[in-house]
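Peer 1: Below you will find the structure I want to go over with you.
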């Protein structure tokens, strides 16, 4: 057989002692055997032999009997974790020992068929672990009386260890968080009222934890808190290898606490849990991005793109605004000019500056009145670029109090007519 074939065969068989400590008198061994496409696939599951005598240190299975075997069965498709089964053996008809107590054979009744890809599971107890630590080969054989198939697994015996760290905390009474749990063989961490092996004091236990270190383990309490209390976080084994915490339900018969060589309970920590019914009901603050507000020009606001421009007419007297601005031939009422956002006006696309009176009773006049400045001189208003424009001064007088503007064109015409008449009269008088 090639080396790769041996490795594959060894991977297809496992033996997991719990507790694994040397000289442990009541260890539970979970044994698995992968059927694969071997010769037993398609045949009835008749028996399984577990032989520790093939290597040292060897365990003692002389105390294993039909009544003490946890279970024998089949994991269909080999897809269940650990040593769970889908089909249990119908009946154990006989358990026989051998090899001076180092081997055990379990003979079954019934016709459970083995299928390609299945995994056979046998959980036996009590097993006496060897006195010395170490790893030893274990031979597993299925259907010893027919088309027998053997695979080799290994069992490791070492002093197991467990540590637990749990800090004081505030809780609404339904859960407790254990900061860190280290379990050499896997198992559980439970929250209980007192320390030690006390099945009746357990308030809740974690889900199954594999071998190694686990952080922030949340334990749901079957018996919630209603006041502040000191509690104990205690580590436990999975002695029956079913990955369910059965210590309290079994009255302490299985899944016992981790112990040292002196049989003292290890792997625990004491913590104070402050009861606060609102501790977990406060929702986590959610940060929501707030959009930046966009300024929008309205009819009541004047948007200015640049500094306001005040137009000062050249050589034109600018009186202070009064309640009603009056346009005269010698003075022009000139209100402060501001740039008006075209979007708030009449839709002037050129964005010209419009001069408006600050007096609410004064309306704008249709044209500029300036007796001292010509139309070609500096305008009374400046556009947004600071250059002269066709700004208009409007009279905002209404029909009930305003002074009508004087039309300078009409006055000039009258003056010209008077001059012509006078000139014509003088000519007539001076003629013979």
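Using the three backbone atoms N, Cα and C, a Cβ is placed for every residue, glycine included.
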Peer 1: Choose the correct range: of 390-409, 410-429, which one does TrEMBL annotate as transmembrane segment? Give that range.
Peer 2: 410-429
Peer 1: Which residue range, 1-27, 28-54, is the one TrEMBL calls region 'Disordered'?
Peer 2: 1-27
Peer 1: When the pLDDT values for the domain 'DUF7282' (162-268) are averaged, what is the result?
Peer 2: 95
